[in-house]
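J.: According to TrEMBL, the feature domain 'tRNA-guanine(15) transglycosylase-like' maps to A:13-374. Positions annotated as substrate binding site by TrEMBL: A:92, A:93, A:94, A:95, A:96, A:146, A:193, A:222. Positions annotated as active site, proton acceptor by TrEMBL: A:92. The region 'RNA binding' annotation in TrEMBL covers A:253-259, A:277-281. Residues annotated as active site, nucleophile in TrEMBL: A:272. What TrEMBL records for A:310, A:312, A:315, A:341 is Zn(2+) binding site.
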């Protein structure tokens, strides 16, 4: 089983620093997990990822089950060996992609019925099958199959059904996992559902926390589907407050720096998102002063690196914005360069949070981050609200700060 | 300045030599990597630094999209190296105006300019422009601007004569005055042996009058250059360059009047077989390896050695593996049968990782080499990492191939016999690369950019 040690807590917010020891090493938390959907961070090798100081990445079960499939993964000796990645690995359950990628998925009590992309035949993904596939992949953290509904679903009865079913499926996952012999090396996480309804979330939390002894951690699922940010953070806060202290908390599908820091302040330890790697391929580099869109002509003659203080291979080699402007979206190597930078940016944001929590300076860290990132643009109102709820007032002492409604996400 | 010394001063062919520039030493015959938009395709800077091909060729024309071209404004002592991210202590950069591999039809050149092709249209570049760009970018080596007709062949004698005259005159412009450049000259004259000889002759003719004054203290144009480039793409538009004897004859007609001591570069060979013949018959010193980079581009991992081991003769085997083929899905062998030390087959241990907090303590993992099955998976899932790994591998195979060539020549073995054995061992038609290209296109259409939109239709 995983070893999870909380090392320090923020004196003001609910943020904490911890150490998660899994079969493939130690990952300090809070951390951001880059997504290697098909057993590769797009364009990068496992060694490049290791050199960036990343110790935990994510593979998608749905994709790996289609290609290369569990037989080949078995022949390879698991997904770690297959992709040459010898640090920690997390796999999702495959359920989310069934809903997001397949038009014909039907959820029944038994499992998710979908059309096989290969044969077109009706195929059933049950909780047991999801466990079995994730066992073959061999991730250090595996996720329960949950009944995913969009956070925008207006039908409360459907959200309730999905939540209750996710609890029942968790039980089936636990039973299968605990009988598999894999529970010593692979760690099962539960996923809290219940949409945007705090009463449903509470019921889900109660039931899942009762199963605490059979799970290594808890995820907060069913968010980042386009819901109001002010609703989003309240649900995260509600879940993080109730989830047990001695289990890691993983907020699924979160990737913007401000979202990460708010979630950390609310007590979240882990997050994943394709955003930083995907946006890199479209030419957007993330910096502490906000995103830099390298496709804009204003960078054509800019001989400065993306961020002169960044330790990533791209910036430390002095690669200029002008050079990246010349090659971005045209040469794969440009995507690799910006992808490495963005992964390091995410890791720096989270690493900085770890240090600040350890040093007792996390509220200042938040203020500095927002001042640098949003100063010219205006702070997102929802971030101000969320951080106020845990005792940090971003606007304190400066009446001139502009505040933006809506998502407030900064873009260039 | 660059120096090139031959191991045996009078050796015409085949021959070995040494290129020295700053601290970089390149033993010849050797390989040169090619670039697209200033990048070795699929390799980020950290990855290219782990490949062992020090000489990199840069076509300049993509930079003409902006005026002034961006690298011409790069500050520092090595603007081109700095802009593109090559280490001056490890990499030799040569610069040509146009991409020598691009054989597409282009509007006619003029008496004062070459029509260069960019993604934003054609740009006219005068010899004065070229001179300015070169002195601003400071490449290690520059290819003088040639007048190669890219209109529809065949070309009249008048056009060929014009091509020769312009190429000579534009070279003279680059020679004068200081600071001196390391200049390579395209061997003009097209597919006409007499024209080629005439062009070469004009390089060694003593200059007089104004011409001499302009390039003083040089006695002839050839005194101011370090070597010659032979571009096969323009020849390929007019003749079958697989006709080895014909190509050798054309190249030799250029070399006839010239001193044997200078560097000979061939651009756009298509196979290792062709490289071996050109070393054997013409004494070529440097080759671009775009063919090997292109093989990586379509999913082929090269797997060949020179000289062919005596205990391992198998007629007509493929030069590599088309990793799209289905049986590689279960093949966990490394990318080539021959042992390989590239960063795909034997990845470096990551001793230092970036530390993001005081808690981070890096423990280096013991890396394992990437397998055919993994690359097969990446190819079929349209993951670009496949090509990065394959380029690293193919460049290493090619590098070792040249090591083998130099070793055979240094030992004084019967080179011709080794070339014959190689030709018998490996399929020259590159059927495997063509097969891979077809499968690459299929996957690209099925999973590449714009797939979602296509599926909606």
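Every residue, even glycine, has its Cβ placed from backbone N, Cα and C.
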J.: On a C-alpha basis, identify the one among A:95, A:146, A:272 that is nearest to residue A:310 (Zn(2+) binding site); the candidates are the recorded positions.
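T.: The answer is A:272.
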J.: If we take A:92, A:95, A:146, A:310, A:312 as the binding-site residues, which have a Cβ under 8 Å from chain B?
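T.: The binding-site residues close to chain B are A:312.
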J.: Relative to the Cβ of the residue listed as 'active site, nucleophile', which residues of the same chain, six or more apart in sequence, are found under 8 Å away?
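T.: Result: A:32, A:33, A:34, A:35, A:58, A:90, A:250, A:252, A:253, A:254, A:255.
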J.: Return the single residue from the binding-site residues list (A:93, A:315) that has the minimum number of other CB atoms within 10 Å.
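T.: Lowest Cβ count within 10 Å among the binding-site residues (A:93, A:315) is A:315.
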J.: Whole-number Å only: compute the distance from the Cα of residue A:94 (substrate binding site) to the Cα of residue A:341 (Zn(2+) binding site).
T.: 28
J.: I'd like the number of other C-beta atoms within 10 A of the C-beta of residue A:92 (substrate binding site), please.
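T.: For residue A:92 (substrate binding site), the count of other Cβ atoms within 10 Å is 31.
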J.: Cβ atoms within 10 Å, counted per site: which of A:94, A:95, A:222 has the most, among these binding-site residues?
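T.: Answer by Cβ density within 10 Å: A:222.
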J.: If I take the alpha carbons of residue A:312 (Zn(2+) binding site) and residue A:93 (substrate binding site), what is the distance between them in whole Å?
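T.: Between the alpha carbons of residue A:312 (Zn(2+) binding site) and residue A:93 (substrate binding site) there are 32 Å.
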J.: Within a 10 Å radius of its Cβ, which of these binding-site residues (A:96, A:146, A:341) has the fewest neighbouring Cβ atoms?
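T.: Across A:96, A:146, A:341, these binding-site residues, the one with fewest Cβ atoms within 10 Å is A:96.
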J.: If one looks at the chain holding residue A:193 (substrate binding site), which residues at least 6 apart in sequence have a CB under 8 angstroms from its CB?
T.: A:146, A:147, A:148, A:149, A:159, A:162, A:163, A:166, A:200, A:201, A:204, A:221, A:222
J.: What mean pLDDT score does the domain 'tRNA-guanine(15) transglycosylase-like' (A:13-374) have in the model?
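T.: Mean model confidence (pLDDT) across the domain 'tRNA-guanine(15) transglycosylase-like' (A:13-374) is 96.
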J.: I want to verify one value. Collapsing DSSP to three states, which class is residue A:315 (Zn(2+) binding site)?
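T.: Once the DSSP labels are grouped into three classes, residue A:315 (Zn(2+) binding site) ends up as helix.
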J.: Counting other Cβ atoms within 10 Å, pick out the least crowded of the binding-site residues A:310, A:312.
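T.: Output over binding-site residues A:310, A:312: least Cβ neighbours within 10 Å is A:310.
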J.: Determine which residues of this chain, when A:310, A:312, A:315, A:341 are set aside, have a Cβ within 8 Å of the centroid of the Zn(2+) site's Cβ atoms, and list them as they appear in the sequence.
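T.: Other same-chain residues near the Zn(2+) site: A:285, A:305, A:306, A:307, A:311, A:313, A:314, A:316, A:340, A:344, A:345.
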J.: Per DSSP, what is the helix/strand/coil residue tally across the region 'RNA binding' (A:253-259)?
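T.: Counts, helix then strand then coil: 3 helix, 0 strand, 4 coil.
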